[in-house]
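Colleague: Pasting a structure here, questions to come.
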Amino acid sequence: MDRDVTNTKGLDFEDFGLKRDLLMGIFEAGFEKPSPIQEESIPVALVGRDILARAKNGTGKTAAFVIPALEKINPKVSKIQCLILVPTRELAMQTSQVCKTLGKHLGINVMVTTGGTGLRDDIVRLQDPVHIVVGTPGRILDLAGKQVADLSECPMFIMDEADKLLSIEFTPVIEQLLRFHPKDRQVMLFSATFPISVKDFSDKNMTSPYEINLMDELTLRGITQYYAYVEEKQKVHCLNTLFSKLQINQSIIFCNSTNRVELLAKKITELGYSCFYSHAKMAQQARNRVFHDFRNGVCRNLVCSDLLTRGIDIQAVNVVINFDFPKNAETYLHRIGRSGRYGHLGLAINLINWDDRFNLYNIERDLGTEIQPIPQTIDKSLYVYENPESIPRPISNLKPAGIQQQQQLSIPSTAVGRLAGTGPPKRFWSVWPSRPRRVPRQSRPLWWPPWRTFPRLPARAGWAPELRRPARWPCAGPKPADIPCSAGLGLSLSHLFGALGGVLTIAISSPP
């Protein structure tokens, strides 16, 4: 554990005066002592004051607002008493699960609602008592506008990842949602970065908020950052070298576009490593399944876009690889924050090319950190978990177990910061099929790239093997499946015309 979560005042959860049932849920979930952000925010939230909290990724921000919300909710009142807004569907599912886990002894009903799911199901669920609603802004505004979700008596308005929710795309929706709440509501904002838009929102909609800033530096101390300078066509070869050398519990590989996500996932699968992929254009059910399986350790590697950069907490992830280098410091900060969760160690490796050199300089300047060139040897103690039992087991049907046993990273390099491997590099774009035959979605595994094709079906009895079509004419000799279609057709025509000739001869020679 590093100082980001251990540098506390020495308080215990019992010191906050929480309900006994809530304390039972907290301790059963594995919490021992509150983190710094929880020590600062829980007492202030319990007295009903607005909060503007800024803390690093992976330091316990979710529990910092869920615990006081659960404490203040009255289960006997069948009204929505807390609204938690998040920017992504996966984060909504994760936050709702935290609410259910911590409050399982309180008799509190938690509902999660996001876009991409049936509106009818949400309407039916809101007919029953719901105390906490977790969701994305657009869907909740839709429910409130249809007068299905009654927010007129909802005293708590919480925004996680507030910097994203107060961007240009979400701000109009947030402003409309606030009109459904009472004027004496309690507003709490939590995030790792606070742009100027957050200050404008707090001045307009918050009453003397209590400001918490635990960001003496932006990046987590437990995350070691390196970059490797490679050409674009050598990135996959470089990634293969990293997989074979690093001791990876679970890894997340980020790309800048959805097309590259799917193509890279296909390449990783061809290299023999278990791999899932996820991006915003996938069906919601498929995204949920991928997120659930990866979180449970079904697979070691996940390729994704910036969809999973915010709030996703998978503590088994110890390596983050930026296959495509991000364009700004905010995206970079949230990407590498997927490793090193809650005081654990993590490793961030960035594959950069000539066009990324200015972005690298700008990110180092904005974050006040230095990204080192990758050394020839990376010490395991910088990123390997101390407790091996917490490491999820990957699937083993794609590659023998030995391929996943990585040693210390010892990479021959001809120049500092350049990662080289043995053997000729493979072109990244050289395997695109000329005419892809898509697999039906209902029979396709979730991690199977959509351009994977079925093997060609063998010839069936009664089908000509050359043209894969039924032989239309009966023919003597072997079965139609054993002879060319043209041969069968020729024999059949000769017999036909022979028979017709005999009929015509009889007809002509017969007397009138």
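Just so it is clear, glycine is given a Cβ too, placed from its N, Cα and C backbone atoms.
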Colleague: When you get a sec, could you say which of 60-63, 160-163, 284-287, 396-399 is annotated motif 'DEAD box' by Swiss-Prot?
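Modeller: Based on what Swiss-Prot states, motif 'DEAD box' spans 160-163.
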Colleague: With the ranges 11-39, 98-126, 127-155 to choose from, which does Swiss-Prot describe as motif 'Q motif'?
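Modeller: That would be 11-39, the stretch labelled motif 'Q motif' in Swiss-Prot.
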Colleague: In the three-state scheme derived from DSSP, which category covers Lys61 (ATP binding site)?
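Modeller: Note: Lys61 (ATP binding site) is helical by DSSP.
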